[in-house]
Amino acid sequence: MQHDDKGSKPGSFRENSPLTRTNTYPAAEFSIPPSVPPELQSVSRCASHRTAGKDALAQSADEDPHAVRRDEEAQSALTSQDEEPYPEGGRRAWLVVLGSFSGTIVGFGMMNTIGIFQTYISEHQLKDYNESTIGWIFGVYVFLSFFCGIQIGPVFDARGPRLLIIAGSVLMCASMFLLGLCTQYWHFMLVFGVLGGLGTSLIFTPAISAVGHFFLEKRGNATGIAAAGGSLGGVIFPLMLQRLFPSVGFAWATRILGFIFLFCCTFAILLIRSRLPPRPGQSVMPDLKILGEPSYALLTCGIYFMEWGLFVPITYITSFATSTGALSPAFSYQLVAIMNAGSCIGRWAPGYIADKLGRFNSMIGALVLCGATTFTLWLPTSVLEPTTSADATVIKALIIVYALIFGFASGSNISLTPVCVGQLCDTKDYGRYYATCYTIVSFGTLTGIPIAGSLVQATNGRFWGVVIWTGLCYVVSLGCFIWSRAIRVGWKLGIKF
């Protein structure tokens, strides 16, 4: 039989087979070299990607909460390729915190002392005016303190904090030195309401915003330390004024306060810096389009109602305590100091906890405590009558406990809100987001104090209507914060956000 090599029997493999590997040549396996050294490369994405992906982020919360947290941290930490990483500490960063602490002693310290001025003025210079009319002075003050931020914030982003703080320091010191000369209603409105409000805004907006430029992971703790200056001022100033008013008179008491402001403002001017270089080409005009983001809009709404209720007890706690008859006028003045003593701890501790458990989570817990203490401690004292010594003792105890616990819980209302705002934006836009939020909030602070004064008149000098109003404001604020958080990370409580 003739043998055929091409039959069914397998033949040997030949080296010149046409089936060859396509990547045997070294030139076929290539890569594109990076345009910059690997250690300098960074991945960045545009801001629109952050907001556009939030729905997908919420959907993935159930699958991997840790991945959600990592993504949220990455969103907050996005920086441009020419931007330095967050220092998270160091001498320069902590000196900024010290400068901000000094600035908030003046700005927030004055804001936390308006109850003392309201009570004294209503009993002396403006005793012929009703509570609601006098309340407009302090309403205008708080309103301008927040409203002017819509322009101050963008100017801070573009020019830095130095000139803003210098201007605010001049206005605040002038307000205190001129306040002792005021005798008419329009004098107090112009000097305290307008001049003081503008000065406060020019100081505290860049003071708080500058801290956010140096901290991300520790932002809650650092902002809480800076904001605690306002509570320290709120402890010192009422006790000081209580002694100075009868001993040296109203005029010199306010002048001494002006010299303290001058000292603190000097430290603020020297120490507060912006980490990012000024951007002269950036527009300083307000941009309300950022309210189109649902989570940010709900956060702004929540802060609106929170501030609507916050300044009511700060302003009227002294007048309320005096009206009960259970506390002496001297001790009623000290309630503001007790409230701010609790707030001093409440501004730092929640910030530290927020870095561990989540900024929104800590804020929601604080709002629950504010609402609960208002309904369970302040409301009973507003309806009880001190007919016996035992009743007077109960009322006094409840008021003291309320001032201390509410002060602690409400301290986070100031220190954590900037951190929550910063959670929803890039650092380069932090001043704009923060200022735009508080510009909307300012309209609540404008009307909150006069509304409370009207409620006191409507209830014939009783304060139960004011208490219910305050508690309801906190309930609505709590709902808005929970909803804002849910848009970002879903409804599960265990997610750190």
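Just so you know, glycine gets a Cβ as well, placed from its N, Cα and C.
These come from TrEMBL:
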type: COMPBIAS; residues: 14-25; note: compositional bias 'Polar residues'
type: COMPBIAS; residues: 63-73; note: compositional bias 'Basic and acidic residues'
type: DOMAIN; residues: 95-497; note: domain 'Major facilitator superfamily (MFS) profile'
type: REGION; residues: 1-87; note: region 'Disordered'
type: TRANSMEM; residues: 93-121; note: transmembrane segment
type: TRANSMEM; residues: 133-156; note: transmembrane segment
type: TRANSMEM; residues: 163-186; note: transmembrane segment
type: TRANSMEM; residues: 192-215; note: transmembrane segment
type: TRANSMEM; residues: 222-240; note: transmembrane segment
type: TRANSMEM; residues: 252-274; note: transmembrane segment
type: TRANSMEM; residues: 295-318; note: transmembrane segment
type: TRANSMEM; residues: 330-348; note: transmembrane segment
type: TRANSMEM; residues: 360-379; note: transmembrane segment
type: TRANSMEM; residues: 399-421; note: transmembrane segment
type: TRANSMEM; residues: 433-456; note: transmembrane segment
type: TRANSMEM; residues: 462-483; note: transmembrane segment
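When each of the listed stretches 133-156, 163-186, 295-318, 399-421 is scored by C-beta pairs under 8 angstroms to the transmembrane segment (93-121), 295-318 comes out highest. Most Cβ pairs under 8 A with the transmembrane segment (252-274) among the ranges 163-186, 295-318, 330-348 are made by 163-186. Here the transmembrane segment (330-348) has long-range neighbours at 112-113, 115-116, 119, 221, 224-225, 227-228, 230-235, 238-239, 241-242, 313-314, 317-319, 321-322, 366, 399-400, 403-412, 414-415, meaning same-chain residues at least 6 beyond its ends whose C-beta is under 8 angstroms from one of its own. Nonlocal intrachain contacts for the transmembrane segment (222-240), taken as residues 6+ away from its ends with a CB within less than 8 angstroms of a stretch CB, comprise 93, 97, 100-113, 115-116, 204, 207-208, 211-212, 214-215, 253, 256-257, 333-334, 336-337, 339-341, 343-344, 346-352, 354, 407, 411-412, 414-416, 418-419. In this chain, the transmembrane segment (399-421) lies apart from the transmembrane segment (163-186): fewer than three C-beta pairs between them fall below 8 angstroms, excluding pairs fewer than 6 positions apart. Put simply, of 133-156, 163-186, 192-215, 295-318, 462-483, the stretch with the most CB pairs closer than 8 A to the transmembrane segment (360-379) is 462-483. Confidence annotation: the domain 'Major facilitator superfamily (MFS) profile' (95-497) carries a mean pLDDT of 86 in the model. Cβ atoms under 8 Å from those of the transmembrane segment (192-215) belong to residues 86-89, 92-93, 96-97, 99-100, 103-104, 106-108, 110-111, 117, 136-149, 152-153, 156, 161, 164-165, 167-175, 178-179, 182, 221-223, 226-227, 230, 265, 268, 272-276, 418-419, 422, 427, 430-431, 434-435, 438 of the same chain, restricted to positions at least 6 beyond its ends.
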